[in-house]
Amino acid sequence: MANVVVVGAQWGDEGKGKIVDWLSEQADIVVRFQGGHNAGHTLVINGQTYKLALLPSGVLRPSKLAVIGNGVVFDPQAFLDEVKKLQGQGVAISPENLRIAENVTLILPLHRELDATRENAAKAGAIGTTQRGIGPAYEDKVGRRAIRLMDLADLDTLPTKIERLLAHHNALRRGLGQPEIDAGQILADLSAMAPHLLPYAESVWRLLDIKRREGKRILFEGAQGALLDVDHGTYPYVTSSNTVAAQAATGTGMGPGAVGYVLGICKAYTTRVGAGPFPTELTNEIGEEIGRRGKEFGVNTGRKRRCGWFDAVLVRQTVRTCGIHGLALTKLDILDGFDSVEVCVGYKLDGKEIDYLPAGEGAQARVEPIYETIEGWKEPTANARSWAELPAQAIKYVRRIEELVGCPVALLSTSPEREDTILVQNPFEA
(Lines of atoms letter the chains of each structure in order from A and count residues from 1; the text may use other names and numbers.)
(Lines give C-alpha, C1' and ligand atoms only; values in the text may rest on other atoms or scores of the structure.)
Protein backbone atom coordinates (compact mmCIF):
# COMPACT_ATOMS: atom_id res chain seq x y z
CA MET A 1 0.00 0.00 0.00
CA ALA A 2 1.73 3.19 -1.22
CA ASN A 3 1.26 6.78 -0.20
CA VAL A 4 1.05 9.11 -3.19
CA VAL A 5 2.56 12.54 -3.89
CA VAL A 6 0.93 14.69 -6.57
CA VAL A 7 3.09 17.41 -8.13
CA GLY A 8 2.70 19.71 -11.09
CA ALA A 9 5.12 18.74 -13.85
CA GLN A 10 5.02 22.12 -15.60
CA TRP A 11 4.47 25.72 -14.39
CA GLY A 12 1.32 24.99 -12.42
CA ASP A 13 -2.34 25.07 -13.48
CA GLU A 14 -2.03 21.51 -14.82
CA GLY A 15 -5.32 20.27 -13.37
CA LYS A 16 -3.99 18.91 -10.08
CA GLY A 17 -7.22 19.73 -8.27
CA LYS A 18 -9.33 17.29 -10.26
CA ILE A 19 -6.71 14.53 -10.06
CA VAL A 20 -6.22 15.00 -6.33
CA ASP A 21 -9.97 14.93 -5.81
CA TRP A 22 -10.22 11.75 -7.90
CA LEU A 23 -7.43 10.10 -5.89
CA SER A 24 -8.75 11.35 -2.56
CA GLU A 25 -11.65 8.94 -2.86
CA GLN A 26 -9.12 6.18 -2.18
CA ALA A 27 -7.08 8.10 0.39
CA ASP A 28 -7.74 8.49 4.09
CA ILE A 29 -5.78 11.72 4.48
CA VAL A 30 -5.02 14.56 2.04
CA VAL A 31 -2.10 16.85 2.93
CA ARG A 32 -0.90 20.22 1.58
CA PHE A 33 2.86 20.52 2.04
CA GLN A 34 4.03 23.81 0.47
CA GLY A 35 2.91 27.13 -0.96
CA GLY A 36 0.01 29.22 0.22
CA HIS A 37 -3.24 30.61 -1.12
CA ASN A 38 -1.52 31.81 -4.29
CA ALA A 39 -2.26 28.64 -6.27
CA GLY A 40 -5.95 28.01 -6.74
CA HIS A 41 -7.66 24.99 -8.21
CA THR A 42 -11.17 24.36 -9.44
CA LEU A 43 -13.13 21.17 -8.82
CA VAL A 44 -16.43 20.24 -10.47
CA ILE A 45 -18.40 17.68 -8.45
CA ASN A 46 -21.92 16.69 -9.48
CA GLY A 47 -22.25 19.89 -11.46
CA GLN A 48 -21.19 22.06 -8.50
CA THR A 49 -18.02 24.14 -8.92
CA TYR A 50 -15.71 24.60 -5.95
CA LYS A 51 -12.71 26.93 -5.95
CA LEU A 52 -9.97 26.20 -3.44
CA ALA A 53 -6.81 28.15 -2.74
CA LEU A 54 -5.43 27.22 0.68
CA LEU A 55 -7.47 24.22 1.77
CA PRO A 56 -6.57 20.68 0.68
CA SER A 57 -8.97 19.11 -1.82
CA GLY A 58 -9.81 16.46 0.76
CA VAL A 59 -12.16 18.84 2.59
CA LEU A 60 -14.72 18.26 -0.15
CA ARG A 61 -15.02 14.56 0.65
CA PRO A 62 -16.89 13.41 3.75
CA SER A 63 -14.97 11.10 6.08
CA LYS A 64 -11.56 12.25 4.80
CA LEU A 65 -9.03 14.07 6.96
CA ALA A 66 -7.48 17.18 5.40
CA VAL A 67 -4.15 18.46 6.71
CA ILE A 68 -2.13 21.64 6.14
CA GLY A 69 1.54 20.90 6.74
CA ASN A 70 4.36 22.99 8.15
CA GLY A 71 5.76 23.73 4.68
CA VAL A 72 2.75 25.91 3.86
CA VAL A 73 2.58 29.65 4.56
CA PHE A 74 -0.82 30.27 6.09
CA ASP A 75 -2.93 33.42 5.76
CA PRO A 76 -5.41 33.38 8.68
CA GLN A 77 -7.87 35.77 7.08
CA ALA A 78 -7.78 33.98 3.73
CA PHE A 79 -8.36 30.71 5.58
CA LEU A 80 -11.40 32.00 7.46
CA ASP A 81 -12.85 33.51 4.28
CA GLU A 82 -12.37 30.28 2.32
CA VAL A 83 -13.91 28.17 5.06
CA LYS A 84 -16.93 30.48 5.23
CA LYS A 85 -17.41 30.36 1.46
CA LEU A 86 -17.24 26.56 1.31
CA GLN A 87 -19.55 26.18 4.28
CA GLY A 88 -21.98 28.37 2.36
CA GLN A 89 -21.84 25.76 -0.41
CA GLY A 90 -22.72 23.03 2.06
CA VAL A 91 -19.20 21.74 2.76
CA ALA A 92 -18.65 20.68 6.38
CA ILE A 93 -15.33 22.00 7.71
CA SER A 94 -14.31 21.70 11.36
CA PRO A 95 -11.37 20.47 13.47
CA GLU A 96 -12.89 17.01 13.03
CA ASN A 97 -11.87 16.87 9.36
CA LEU A 98 -9.16 19.54 9.08
CA ARG A 99 -5.90 19.89 10.99
CA ILE A 100 -3.22 22.57 10.61
CA ALA A 101 0.43 22.25 11.61
CA GLU A 102 1.02 24.18 14.81
CA ASN A 103 4.39 25.33 13.44
CA VAL A 104 2.98 26.71 10.18
CA THR A 105 4.18 30.24 9.31
CA LEU A 106 1.50 32.95 9.20
CA ILE A 107 1.02 35.45 6.38
CA LEU A 108 0.09 38.86 7.76
CA PRO A 109 -1.22 41.99 5.99
CA LEU A 110 2.29 43.48 6.11
CA HIS A 111 3.51 40.60 3.92
CA ARG A 112 0.88 41.32 1.28
CA GLU A 113 1.69 45.03 1.34
CA LEU A 114 5.42 44.39 0.92
CA ASP A 115 4.77 41.94 -1.92
CA ALA A 116 2.63 44.44 -3.80
CA THR A 117 5.03 47.33 -3.20
CA ARG A 118 7.97 45.39 -4.59
CA GLU A 119 6.08 44.16 -7.66
CA ASN A 120 4.73 47.60 -8.48
CA ALA A 121 8.14 49.22 -8.03
CA ALA A 122 9.84 46.64 -10.26
CA LYS A 123 7.66 47.58 -13.25
CA ALA A 124 9.16 45.82 -16.31
CA GLY A 125 11.35 43.69 -14.07
CA ALA A 126 8.47 42.31 -12.02
CA ILE A 127 8.48 38.58 -11.33
CA GLY A 128 4.72 38.27 -11.68
CA THR A 129 3.79 37.25 -8.15
CA THR A 130 0.16 37.08 -7.03
CA GLN A 131 0.95 39.78 -4.44
CA ARG A 132 -0.52 37.64 -1.67
CA GLY A 133 2.48 37.84 0.63
CA ILE A 134 3.85 34.37 -0.04
CA GLY A 135 7.47 35.36 -0.69
CA PRO A 136 7.80 37.84 2.18
CA ALA A 137 6.31 35.27 4.59
CA TYR A 138 8.87 32.67 3.54
CA GLU A 139 11.59 35.31 3.96
CA ASP A 140 10.53 35.83 7.57
CA LYS A 141 10.44 32.09 8.14
CA VAL A 142 14.02 31.69 6.94
CA GLY A 143 14.99 34.85 8.82
CA ARG A 144 13.67 33.25 12.05
CA ARG A 145 11.32 36.10 12.85
CA ALA A 146 8.01 34.68 11.58
CA ILE A 147 4.85 34.43 13.66
CA ARG A 148 3.64 30.82 13.71
CA LEU A 149 0.24 29.40 14.54
CA MET A 150 1.40 28.05 17.90
CA ASP A 151 2.44 31.58 18.93
CA LEU A 152 -1.23 32.59 19.11
CA ALA A 153 -1.68 30.23 22.04
CA ASP A 154 0.65 32.29 24.25
CA LEU A 155 -0.49 35.91 24.28
CA ASP A 156 2.10 36.74 26.95
CA THR A 157 5.06 36.11 24.63
CA LEU A 158 3.37 37.10 21.35
CA PRO A 159 4.04 40.86 21.76
CA THR A 160 7.79 40.24 21.94
CA LYS A 161 7.67 38.17 18.76
CA ILE A 162 5.67 40.86 16.98
CA GLU A 163 8.22 43.50 18.02
CA ARG A 164 11.05 41.35 16.63
CA LEU A 165 9.14 40.99 13.35
CA LEU A 166 8.44 44.71 13.13
CA ALA A 167 12.05 45.66 13.82
CA HIS A 168 12.72 44.24 10.37
CA HIS A 169 9.57 45.31 8.55
CA ASN A 170 9.37 48.86 9.86
CA ALA A 171 12.96 49.42 8.76
CA LEU A 172 11.96 48.26 5.28
CA ARG A 173 8.87 50.44 5.30
CA ARG A 174 10.85 53.52 6.29
CA GLY A 175 13.16 52.90 3.37
CA LEU A 176 10.18 52.52 1.05
CA GLY A 177 8.58 55.70 2.35
CA GLN A 178 5.67 53.89 3.97
CA PRO A 179 4.24 54.46 7.45
CA GLU A 180 5.36 52.14 10.21
CA ILE A 181 3.07 49.40 11.47
CA ASP A 182 1.64 49.52 14.97
CA ALA A 183 2.44 46.40 16.98
CA GLY A 184 -0.73 46.82 18.99
CA GLN A 185 -2.91 46.49 15.91
CA ILE A 186 -1.26 43.23 14.86
CA LEU A 187 -1.61 41.88 18.39
CA ALA A 188 -5.29 42.83 18.47
CA ASP A 189 -5.99 41.24 15.09
CA LEU A 190 -4.21 37.99 15.92
CA SER A 191 -5.78 37.81 19.37
CA ALA A 192 -9.23 38.14 17.81
CA MET A 193 -8.56 35.37 15.28
CA ALA A 194 -6.83 32.99 17.69
CA PRO A 195 -10.02 31.33 19.04
CA HIS A 196 -11.10 30.55 15.47
CA LEU A 197 -7.71 29.11 14.45
CA LEU A 198 -6.24 27.28 17.44
CA PRO A 199 -8.85 24.48 17.52
CA TYR A 200 -7.36 23.29 14.21
CA ALA A 201 -3.74 23.31 15.48
CA GLU A 202 -1.98 19.95 15.51
CA SER A 203 1.45 18.38 15.76
CA VAL A 204 1.15 17.26 12.15
CA TRP A 205 4.33 15.22 11.91
CA ARG A 206 3.17 13.13 14.86
CA LEU A 207 -0.40 12.81 13.57
CA LEU A 208 0.77 11.61 10.16
CA ASP A 209 3.28 9.20 11.67
CA ILE A 210 0.54 7.61 13.77
CA LYS A 211 -1.80 7.37 10.80
CA ARG A 212 0.88 5.87 8.58
CA ARG A 213 1.65 3.22 11.18
CA GLU A 214 -2.07 2.43 11.30
CA GLY A 215 -1.93 1.71 7.57
CA LYS A 216 -3.85 4.79 6.46
CA ARG A 217 -3.40 5.95 2.88
CA ILE A 218 -1.91 9.45 2.64
CA LEU A 219 -2.18 11.69 -0.41
CA PHE A 220 0.28 14.60 -0.53
CA GLU A 221 -1.12 17.49 -2.57
CA GLY A 222 1.42 19.78 -4.20
CA ALA A 223 0.64 23.32 -5.33
CA GLN A 224 1.94 25.15 -8.41
CA GLY A 225 4.47 23.19 -10.50
CA ALA A 226 8.01 21.85 -10.37
CA LEU A 227 9.21 24.43 -12.90
CA LEU A 228 8.37 27.10 -10.31
CA ASP A 229 10.60 25.45 -7.69
CA VAL A 230 12.88 28.01 -6.03
CA ASP A 231 15.91 25.80 -6.75
CA HIS A 232 15.01 23.76 -9.82
CA GLY A 233 12.68 26.15 -11.62
CA THR A 234 13.18 29.06 -14.01
CA TYR A 235 14.83 31.28 -11.37
CA PRO A 236 14.16 34.10 -10.56
CA TYR A 237 10.72 33.65 -12.16
CA VAL A 238 9.71 31.08 -9.57
CA THR A 239 7.74 30.79 -6.37
CA SER A 240 9.36 31.07 -2.94
CA SER A 241 9.15 27.41 -1.92
CA ASN A 242 10.36 24.04 -3.10
CA THR A 243 7.63 22.52 -5.25
CA VAL A 244 9.38 19.26 -6.18
CA ALA A 245 8.18 15.97 -4.72
CA ALA A 246 10.87 15.77 -2.04
CA GLN A 247 9.22 18.73 -0.29
CA ALA A 248 6.34 16.41 0.64
CA ALA A 249 8.60 14.96 3.32
CA THR A 250 10.09 18.25 4.55
CA GLY A 251 6.78 20.10 4.43
CA THR A 252 4.97 17.59 6.64
CA GLY A 253 7.65 16.27 8.97
CA MET A 254 7.55 12.76 7.53
CA GLY A 255 10.66 10.90 6.44
CA PRO A 256 11.47 10.45 2.72
CA GLY A 257 10.55 6.77 2.99
CA ALA A 258 6.93 7.70 3.63
CA VAL A 259 6.49 9.48 0.30
CA GLY A 260 5.86 6.47 -1.95
CA TYR A 261 4.52 6.88 -5.50
CA VAL A 262 5.06 10.23 -7.24
CA LEU A 263 2.42 11.26 -9.77
CA GLY A 264 3.24 14.20 -12.03
CA ILE A 265 0.40 16.20 -13.56
CA CYS A 266 0.86 17.83 -16.96
CA LYS A 267 -1.35 19.27 -19.65
CA ALA A 268 -1.28 17.97 -23.22
CA TYR A 269 0.08 21.42 -24.04
CA THR A 270 1.89 24.03 -21.91
CA THR A 271 0.77 27.15 -20.04
CA ARG A 272 2.42 29.70 -17.83
CA VAL A 273 1.19 32.66 -15.77
CA GLY A 274 3.34 35.73 -15.27
CA ALA A 275 6.80 36.57 -16.52
CA GLY A 276 9.66 34.22 -17.28
CA PRO A 277 11.06 32.04 -20.06
CA PHE A 278 8.63 29.92 -22.07
CA PRO A 279 10.38 28.25 -25.03
CA THR A 280 7.23 26.89 -26.74
CA GLU A 281 4.99 29.91 -26.19
CA LEU A 282 2.59 30.63 -29.06
CA THR A 283 1.82 34.31 -29.51
CA ASN A 284 -0.26 33.65 -32.63
CA GLU A 285 -3.86 32.63 -33.29
CA ILE A 286 -3.16 29.02 -32.32
CA GLY A 287 -2.03 30.12 -28.87
CA GLU A 288 -5.13 32.28 -28.52
CA GLU A 289 -7.36 29.39 -29.61
CA ILE A 290 -5.79 27.00 -27.10
CA GLY A 291 -6.34 29.60 -24.38
CA ARG A 292 -10.00 30.07 -25.35
CA ARG A 293 -10.72 26.35 -25.51
CA GLY A 294 -8.89 25.60 -22.29
CA LYS A 295 -10.34 28.60 -20.42
CA GLU A 296 -6.82 29.53 -19.46
CA PHE A 297 -7.38 32.12 -16.78
CA GLY A 298 -6.11 31.96 -13.19
CA VAL A 299 -8.57 30.63 -10.58
CA ASN A 300 -7.52 33.15 -7.94
CA THR A 301 -6.27 36.10 -9.95
CA GLY A 302 -8.16 35.87 -13.24
CA ARG A 303 -4.86 36.48 -15.03
CA LYS A 304 -4.63 35.23 -18.61
CA ARG A 305 -2.26 32.30 -19.03
CA ARG A 306 0.33 32.16 -21.77
CA CYS A 307 -0.13 29.06 -23.96
CA GLY A 308 2.18 26.93 -26.09
CA TRP A 309 2.90 23.46 -27.41
CA PHE A 310 3.85 20.54 -25.17
CA ASP A 311 7.50 20.78 -24.11
CA ALA A 312 8.88 17.27 -23.65
CA VAL A 313 12.27 18.64 -22.61
CA LEU A 314 10.84 20.39 -19.57
CA VAL A 315 8.55 17.57 -18.52
CA ARG A 316 11.39 15.06 -18.89
CA GLN A 317 13.51 17.28 -16.65
CA THR A 318 10.72 17.41 -14.08
CA VAL A 319 10.34 13.63 -14.20
CA ARG A 320 13.98 13.43 -13.11
CA THR A 321 14.03 16.18 -10.46
CA CYS A 322 10.83 14.89 -8.86
CA GLY A 323 11.40 11.16 -9.27
CA ILE A 324 8.04 10.85 -11.02
CA HIS A 325 6.76 7.29 -11.46
CA GLY A 326 3.74 8.09 -13.65
CA LEU A 327 2.03 11.03 -15.32
CA ALA A 328 -1.56 12.23 -15.30
CA LEU A 329 -2.11 13.89 -18.68
CA THR A 330 -4.89 16.47 -18.67
CA LYS A 331 -6.82 18.55 -21.21
CA LEU A 332 -6.13 16.27 -24.17
CA ASP A 333 -9.56 17.31 -25.48
CA ILE A 334 -8.38 20.90 -25.98
CA LEU A 335 -6.26 19.71 -28.90
CA ASP A 336 -9.21 18.04 -30.66
CA GLY A 337 -9.65 19.21 -34.24
CA PHE A 338 -6.19 20.60 -34.96
CA ASP A 339 -4.77 19.41 -38.29
CA SER A 340 -1.44 18.86 -36.57
CA VAL A 341 0.18 19.47 -33.20
CA GLU A 342 3.78 20.22 -32.33
CA VAL A 343 5.91 18.75 -29.57
CA CYS A 344 9.21 20.26 -28.45
CA VAL A 345 11.84 17.49 -28.49
CA GLY A 346 14.98 19.56 -27.87
CA TYR A 347 16.47 23.05 -27.83
CA LYS A 348 19.03 25.05 -29.73
CA LEU A 349 21.20 27.33 -27.64
CA ASP A 350 23.59 29.59 -29.52
CA GLY A 351 23.57 27.17 -32.44
CA LYS A 352 24.15 24.04 -30.35
CA GLU A 353 21.50 21.37 -29.72
CA ILE A 354 20.82 20.55 -26.05
CA ASP A 355 18.34 18.24 -24.31
CA TYR A 356 17.74 20.18 -21.08
CA LEU A 357 16.85 23.66 -19.86
CA PRO A 358 19.99 25.41 -18.58
CA ALA A 359 19.91 27.10 -15.19
CA GLY A 360 21.08 30.54 -16.31
CA GLU A 361 18.43 33.20 -16.81
CA GLY A 362 20.05 34.50 -19.99
CA ALA A 363 20.47 31.04 -21.49
CA GLN A 364 16.86 30.17 -20.68
CA ALA A 365 15.71 33.24 -22.57
CA ARG A 366 17.81 32.33 -25.63
CA VAL A 367 16.86 28.68 -26.11
CA GLU A 368 14.90 27.91 -29.27
CA PRO A 369 12.56 24.91 -29.45
CA ILE A 370 13.12 22.04 -31.86
CA TYR A 371 9.72 20.70 -32.89
CA GLU A 372 8.36 17.40 -34.06
CA THR A 373 5.08 17.59 -35.96
CA ILE A 374 2.41 15.02 -35.14
CA GLU A 375 -0.77 14.47 -37.12
CA GLY A 376 -3.86 15.73 -35.33
CA TRP A 377 -7.25 14.09 -34.85
CA LYS A 378 -10.76 15.21 -35.77
CA GLU A 379 -12.79 12.88 -33.55
CA PRO A 380 -13.53 14.19 -30.02
CA THR A 381 -11.67 12.93 -26.97
CA ALA A 382 -13.83 14.94 -24.56
CA ASN A 383 -15.57 12.85 -21.88
CA ALA A 384 -13.84 9.63 -22.94
CA ARG A 385 -13.52 7.11 -20.11
CA SER A 386 -11.62 4.30 -21.85
CA TRP A 387 -8.83 3.95 -24.41
CA ALA A 388 -11.36 2.42 -26.81
CA GLU A 389 -13.19 5.76 -26.94
CA LEU A 390 -10.09 7.69 -28.03
CA PRO A 391 -9.16 8.38 -31.67
CA ALA A 392 -6.17 6.34 -32.83
CA GLN A 393 -4.13 9.45 -33.56
CA ALA A 394 -4.78 10.84 -30.07
CA ILE A 395 -3.45 7.59 -28.60
CA LYS A 396 -0.35 7.93 -30.80
CA TYR A 397 0.16 11.43 -29.41
CA VAL A 398 -0.01 10.15 -25.83
CA ARG A 399 2.38 7.29 -26.60
CA ARG A 400 4.86 9.68 -28.20
CA ILE A 401 4.80 11.87 -25.10
CA GLU A 402 5.56 8.80 -22.97
CA GLU A 403 8.55 7.99 -25.17
CA LEU A 404 9.93 11.52 -25.13
CA VAL A 405 9.68 12.11 -21.38
CA GLY A 406 10.65 8.57 -20.35
CA CYS A 407 7.64 8.05 -18.12
CA PRO A 408 4.31 6.23 -18.55
CA VAL A 409 0.91 7.92 -18.44
CA ALA A 410 -0.94 6.51 -15.43
CA LEU A 411 -4.09 8.64 -15.77
CA LEU A 412 -5.67 10.51 -18.64
CA SER A 413 -8.19 13.30 -18.00
CA THR A 414 -10.67 14.23 -20.74
CA SER A 415 -12.81 16.89 -19.04
CA PRO A 416 -13.07 18.78 -15.72
CA GLU A 417 -15.60 16.21 -14.47
CA ARG A 418 -14.24 13.73 -11.93
CA GLU A 419 -15.60 10.68 -13.77
CA ASP A 420 -14.06 11.56 -17.14
CA THR A 421 -10.76 9.89 -16.30
CA ILE A 422 -9.03 6.96 -17.98
CA LEU A 423 -7.08 4.86 -15.49
CA VAL A 424 -3.99 3.01 -16.68
CA GLN A 425 -2.30 2.40 -13.34
CA ASN A 426 -3.71 3.18 -9.91
CA PRO A 427 -0.96 5.06 -8.03
CA PHE A 428 -2.16 3.69 -4.69
CA GLU A 429 -1.72 0.14 -5.95
CA ALA A 430 1.54 0.58 -7.85
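Every residue gets a Cβ built from N, Cα and C, even glycine.
Around T414 (GTP binding site), the same-chain residues six or more apart in sequence whose CB sits under 8 Å from its CB are L332, D333, T381, A382, N383, A384, R385, D420, T421, I422, listed in sequence order. Marked as GTP binding site by Swiss-Prot: 12-18, 40-42, R305, 331-333, 413-415.
Taken residue by residue with DSSP, G40 (Mg(2+) binding site) is part of neither helix nor strand, so it is coil. The Mg(2+) binding site annotation in Swiss-Prot covers D13, G40, and the record cites sequence analysis as its basis.
Within 10 Å of the C-beta atom of T130 (IMP binding site) sit 24 other C-beta atoms, taking all shown protein chains into account. Per Swiss-Prot, the feature IMP binding site maps to D13, E14, G15, K16, N38, A39, G40, H41, T130, R144, Q224, T239, R303; the stated evidence is sequence analysis.
According to Swiss-Prot, the active site, proton acceptor annotation covers D13. Secondary structure from DSSP puts D13 (Mg(2+) binding site) in coil. D13 (Mg(2+) binding site) counts 26 other C-beta atoms within 10 Å of its own C-beta, drawing on all protein chains shown.
Residues or ranges marked as active site, proton donor by Swiss-Prot: H41.
Within the same chain, residues at least 6 positions away in sequence whose Cβ sits under 8 Å from that of R303 (IMP binding site) are V273, G274, F297. The substrate binding site annotation in Swiss-Prot covers V299, N300, T301, G302, R303, K304, R305.
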Between G15 (GTP binding site) and K304 (substrate binding site), how many Å separate their Cα atoms?
16
Quick one: of H41, T130, Q224, R305, which recorded positions lie within 10 angstroms of D13 (Mg(2+) binding site), measuring between C-alpha atoms? Sequence order, please.
H41, Q224, R305
Fill in the CA-CA distance, R305 (substrate binding site) to G12 (GTP binding site), as an integer in Å.
10
Which binding-site residues from the set T130, G302, K304 come within 10 angstroms of H41 (active site, proton donor), judged by C-alpha positions?
none
